[in-house]
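Trainee: I have a structure here, written as structure tokens, and I will follow up with some questions on it.
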Amino acid sequence: MAPWPELENAHPNPNKFIEGASGPQSSIPDKDKGTSKTNDSGTPVAKIELLPSYSALVLIEEPPEGNDPWDLPELQDNGIKWSERDSKGKILCIFQGIGKFILLLGFLYLFVCSLDVLSSAFQLVGGKMAGQFFSNNSIMSNPVAGLVIGVLVTVMVQSSSTSSSIIVSMVASSLLSVRAAIPIIMGANIGTSITNTIVALMQAGDRNEFRRAFAGATVHDFFNWLSVLVLLPLEAATHYLEKLTNLVLETFSFQNGEDAPDILKVITDPFTKLIIQLDKKVIQQIAMGDSEAQNKSLIKIWCKTISNVIEENVTVPSPDNCTSPSYCWTDGIQTWTIQNVTEKENIAKCQHIFVNFSLPDLAVGIILLTVSLLILCGCLIMIVKLLGSVLRGQVATVIKKTLNTDFPFPFAWLTGYLAILVGAGMTFIVQSSSVFTSAMTPLIGIGVISIERAYPLTLGSNIGTTTTAILAALASPGNTLRSSLQIALCHFFFNISGILLWYPIPFTRLPIRLAKGLGNISAKYRWFAVFYLIFFFLLTPLTVFGLSLAGWPVLVGVGVPIILLILLVLCLRMLQARCPRILPLKLRDWNFLPLWMHSLKPWDNIISLATSCFQRRCCCCCRVCCRVCCMVCGCKCCRCSKCCKNLEEEEKEQDVPVKASGGFDNTAMSKECQDEGKGQVEVLGMKALSNTTVF
């Protein structure tokens, strides 16, 4: 007999059998009785099933490696095949497909409209504050302050075109130089990427979908931040963007042209203008330093007005201020003259929901913000569900291959540049990089578009939004043509420079790796995604802006040590990953620091505890409301919420004693197995309780 009988005829499949063990034998068909094997004594030996826990393979077999979470999932079609349907089923399938397509277009339309209303809501909430940021000209000469002002203003108004138009107006009025406006343009480029990051939060229900969607959204953020980290110091030292755009304007003669074609606005404006209409000139007037604009409302009341010029008697300080000597007289106290005065006559009111409301801008903004976020979330959920039901089987295979497959060798390197052109063209059509990237985010989440393909599409959207700005600048009046065109060209060449830095060489595509790392963290700790948004788009810009108000010495004194600390951590992390041998033993990992300084687990425990306490309080409120409802209704149809039932069940389960599980002599058995059988069998000379389920 072998020294290790458990290993005889071993096979990874637990359904295989071994020989020489006694116990309850399964029935052997008559045709197999003649082929049963015998042992040395000549007695027949039956084959019995070996429980997995009795096999030494449980100890020596390595677990299979997990699948890569970044691999695109197989969207299998579990429905009835087309060939298996009858005529009625085929007709119903066609109508279902048409209905799903119509619903998809409808939800996509509501999705884009909700983004437009969301932008208006942000302008109502923070538009005047954004204008005040621009009106503080004392710190605009600081490039770092200009950068964070661009980020904050674009985040507040949720529109890079609005912030760019404010900058153009200030440059045309000589309130701001082109050199000081370039860092603000860079900040606006960063701030516009927050929209699709917010959209990615709506897919937090599924961890793998959220991992891909959040990484696909933040690849835009990392590209913009990395480009600014390199190009802002370069621009501050050499002013290459200013000189390059000056050279372009002097080389080519530009004339006033037509505005960029409104393709998407023509479809969405009839609906969004029924909800809210804003007077965006108020923000520009606040930025220009007009004190009277602070008391104006951003909500547009009168859409049709007429300006009339009339002659009116006005008082002047002295006769020298009169229009002419013939139109000047005094009454002994004041000097009067006749002047032309322009009066605006209101003709017709706007037709939107809030035109007759007397609510302040902040209240209307909060209402629209809440409603638009709810609609945005609902539309995104339905779009993902519809895409998940449509993109199955052969259709999904064709689309995934079309979007993610490279050109054949030796032209594979051209695929990414074609994707950049496609992204630029699509953004030019919809006239908004936020709309294009936000619509692409759910496709990344469900696995139709890979992160590697989404990256060049996102870079193309950055180019597309600048071409729209260039066409809009060409439609500007003559006094603002040069300034607006130069700023649009600065934005264009900034994005071109970023692409040259972070795309042509595969090794330099750091945004993809950083976005995947952040996606892994956010999938494990989903609260970290919200922290990322608040920290990088609100707290950090506000902190830098506050330090800029205190002056250069304070900004340098606080910022330089923080930057040096970040660089030290990055260098140490790189050495730990690449060359750990040159480091002391203590510095080869982060265990010398407290756990909360190098791990998110303690913070996750705190947040989980806080959310569970909030859930219990919420459930208590639900239980009270439920009981009041039952008392009022006088029936037993009302039921408490699901969370209340779960809490009550958990409390009951804690009071039920758990019976100790049966013990096993075999060391390969798990110590915590439940005894569900009553029969006893003898296997390999050892007695054990039979188990129908092993945990």
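One is the number of the first residue shown, and numbering goes on along the chain from there.
Positions of Cβ are set from backbone N, Cα and C atoms, glycine also.
What you are looking at is a predicted structure, and each value in this text was computed from that prediction instead of being measured.
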Trainee: Tell me which residue from Asn136, Asn313, Asn520 Swiss-Prot records as N-linked glycosylation site.
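Mentor: My reading of Swiss-Prot gives Asn313.
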Trainee: In Swiss-Prot, which of these is labelled N-linked glycosylation site: Asn39, Asn340?
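Mentor: Asn340, according to Swiss-Prot.
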Trainee: Of 172-192, 214-234, which span is tagged transmembrane segment by Swiss-Prot?
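Mentor: In Swiss-Prot, the transmembrane segment feature sits at 214-234.
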Trainee: Just choose from Cys350, Cys377, Cys379 the cysteine that Swiss-Prot connects to Cys303 via a disulfide.
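Mentor: Answer per the record: Cys350.
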Trainee: Check the DSSP secondary structure of Asn321 (N-linked glycosylation site), expressed as helix, strand or coil.
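Mentor: Helix, per DSSP.
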Trainee: Please list, for the topological domain 'Extracellular' (430-486), how many residues fall into helix, strand and coil according to DSSP.
Mentor: 47 helix, 0 strand, 10 coil
Trainee: Within the topological domain 'Extracellular' (112-136), how many residues are helix, strand or coil going by DSSP?
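Mentor: For the topological domain 'Extracellular' (112-136), the helix, strand and coil counts are 24 helix, 0 strand, 1 coil.
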Trainee: State the non-local partners of the transmembrane segment (409-429) in its own chain: residues 6+ outside its ends, Cβ under 8 Å from one of its Cβ atoms.
Mentor: 263-264, 436, 453, 455-461, 463-465, 467-468, 499, 503
Trainee: What is the Cβ neighbour count of Cys350 (disulfide bond) at a 10 Å cut-off, with all protein chains included?
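Mentor: Summing over all protein chains shown, Cys350 (disulfide bond) has 17 other Cβ atoms within 10 Å.
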Trainee: Short question: which residues 6 or more past the ends of the transmembrane segment (214-234) have a Cβ under 8 Å from it?
Mentor: 143-144, 147, 183, 186-187, 189-190, 193-194, 196-197, 199-201, 203, 240-241, 437, 440-441, 444-445, 449, 451, 454-455, 458-459, 461-462, 494-495, 497-498, 501-502, 510-512, 514-516, 518-519, 522-523, 529, 532, 536
Trainee: Is any of the recorded positions Asn295, Cys303, Asn340, Cys350, Asn356 within 10 Å of Asn313 (N-linked glycosylation site) (Cα-Cα), and if so, which, in sequence order?
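Mentor: Those close enough are Asn340.
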Trainee: Just counting, how many other CB atoms are there within 10 A of the CB of Asn321 (N-linked glycosylation site)?
Mentor: 13
